[in-house]
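A.B. asks: What follows is a single structure, and I will ask about it in a moment.
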Amino acid sequence: MLLNILTLKTTIKALDLYGEKGNKILNCLGVALVMTKIGVLTSGGDAPGMNAVIRAVVKAASHYHLEVMGIQCGFQGLLEGKIHRLTPLEVEDIADRGGTILKTSRSMEFMEEIGRKKAVEILKNQGINSLIVIGGGGSLKGAEKLHELGIKVVGIPGTIDNDLAFTDYSIGFDTTLNTVLECIGKIKDTDFSHDKTTIVEVMGRYCGDLALYSALAGGGEIISTPEKPLDVNTICSKLRLRMSNGKKDNIVIVTERMYELQDLQRYIEEKLNISVRTTVLGFIQRGGNPSAFDRVLASNMGVTAVELLMNGYSGQAVGIKENKIIHKELGNINAGIADKQDKYRLLEKLLS
Ligand SMILES: Nc1ncnc2c1ncn2[C@@H]1O[C@H](COP(=O)(O)OP(=O)(O)O)[C@@H](O)[C@H]1O
Ligand SMILES: O=P(O)(O)OC[C@H]1O[C@](O)(COP(=O)(O)O)[C@@H](O)[C@@H]1O
Ligand SMILES: [Mg+2]
């Protein structure tokens with residue numbers, strides 16, 4: 001009997017019937033499914049659109065007659081066995097909600113090999129043989145390590161930072177960009193009224209995309225990013241030039257972690273003899289309803305991840321390149337932040 005099941009499974013795979021049809025055939029014969037339970041977790045900083053991915057995963061799995069187990073609080077929750085079944089009904093109305101219904105964490109315990117081995121044991125005990133990890137670069141590194149330990153894993157980029165070179169967009173980036181632009185628009189109203197200059201600090205960790213795309217969208221005139229940092233004197237000379245051209249209210253967008261903001265503000269005030277204010281946008285940037293773009297992207301990536309697992313893939317990350325959904329080996333994605341020279345060149349033309 002066992003031999004027959006194995007033969008049947010091999011035939012199903014060879015005929016590319018893995019997935020819905022394959023499971024149905026096995027189901028009819030009363031045989032264990034090819035892939036029964038998929039685990040899903042969100043990890044690292046939350047990002048708008050993570051819920052839309054969870055919905056897509058559960059809905060797609062249900063479409064293919066598979067079960068999804070939601071793992072709460074990221075890798076840490078996995079280590080603590082916080083696992084429950086996610087039904088399609090539970091995820092019916094979550095696509096428009098910010099944050100993550102599964103909650104998330106940064107786990108030190110999972111950084112250690114011993115922690116990861118414990119995680120594998122817990123997954124096996126729960127009968128979870130496939131896992132979808134939604135998170136940023138660190139989370140996808142963790143996913144890769146689980147794959148190396150024998151778990152079938154697919155990663156989905158979910159981070160507001162957009163700091164993963166293998167994909168043009170990570171889920172959450174578009175929503176956050178829109179939030180940044182909305183906030184800057186409000187700051188501009190008051191800056192204009194007072195002929196004031198404001199330094200706006202945006203998130204991004206070590207990636208300047210939120211600052212860069214904000215400026216491209218008309219949100220700010222001077223930007224300083226980890227990829228193209230400006231020293232304080234260059235910021236002052238750019239501001240001086242703009243003021244001599246008659247522009248008295250100016251926005252300077254900087255990526256977090258680059259400056260002591262109080263020092264930067266004081267330096268500009270003293271050097272140019274103007275009044276400067278600083279606004280750190282902070283966690284406002286991470287919350288809020290996901291944009292339509294993020295929701296559609298999330299749906300696309302969530303369904304793709306389920307189908308990849310059904311087709312026997314593991315150790316893959318789903319991404320989007322030139323408007324096409326792609327997948328790439330997790331081991332090959334962490335090459336750092338994408339080169340955005342073309343975008344910086346575009347910006348130069350918009351600011352002159
Ligand atoms: N090199 C790594 N090996 C294993 N797990 C990792 C690694 N880097 C990060 N992780 C796990 O992923 C979690 C989230 O990573 P972090 O970098 O904080 O956020 P993000 O994934 O959103 O970029 C970490 O707290 C840790 O549990
Ligand atoms: O939530 P924390 O731990 O304060 O971390 C703040 C960091 O998280 C982010 O908001 C998102 O980063 P990740 O997606 O890599 O977790 C960064 O922009 C920021 O530097
Ligand atoms: Mg990150």
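The count begins at 1 with the first shown residue.
Placement of Cβ uses the backbone N, Cα and C atoms for every residue, glycine included.
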A.B. asks: Which one, LYS103, LYS186, LYS188, is listed by TrEMBL in the same ADP site as ARG55, ALA56, VAL57, VAL58, LYS59, GLY219, GLY220, GLU221, LYS247, LYS248, ASP249?
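C.D. replies: It is LYS188, as the record lists it for that site.
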A.B. asks: The ATP site in TrEMBL includes ARG106, SER107. Which of GLY45, GLY49, GLY158, GLY172 is also listed there?
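C.D. replies: Candidate in the recorded ATP site: GLY45.
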A.B. asks: Starting from the substrate binding annotation in TrEMBL that includes THR159, ILE160, ASP161, MET203, GLY204, ARG205, ARG277, which of GLU182, GLU256, GLU260 is the extra site residue?
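C.D. replies: Looking at GLU182, GLU256, GLU260, the one TrEMBL places in the substrate site next to THR159, ILE160, ASP161, MET203, GLY204, ARG205, ARG277 is GLU256.
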A.B. asks: If I take the alpha carbons of THR159 (substrate binding site) and GLY45 (ATP binding site), what is the distance between them in whole Å?
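C.D. replies: Given the Cα positions, THR159 (substrate binding site) is 7 Å from GLY45 (ATP binding site).
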A.B. asks: To the nearest whole angstrom, state the Cα distance for the pair GLU221 (ADP binding site) and ARG277 (substrate binding site).
C.D. replies: 16
A.B. asks: Would you kindly give the Cα-Cα distance separating GLY204 (substrate binding site) and GLY219 (ADP binding site), rounded to the nearest Å?
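C.D. replies: Rounded to a whole number, the Cα-Cα distance is 16 Å.
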A.B. asks: ATP site residues GLY45, ARG106, SER107: biggest Cα-Cα distance, Å?
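C.D. replies: Maximum Cα-Cα distance: 12 Å.
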A.B. asks: Please list residues from the chain of ARG205 (substrate binding site) whose Cβ is under 8 angstroms from its Cβ, counting only those at least six apart in sequence.
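C.D. replies: When sequence neighbours closer than 6 are ignored, ARG205 (substrate binding site) has ASP161, ASP163, GLU256, ARG257 within Cβ distance under 8 Å.
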A.B. asks: Please report the DSSP secondary structure of VAL57 (ADP binding site), reduced to three states.
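C.D. replies: Its secondary structure by DSSP: helix.
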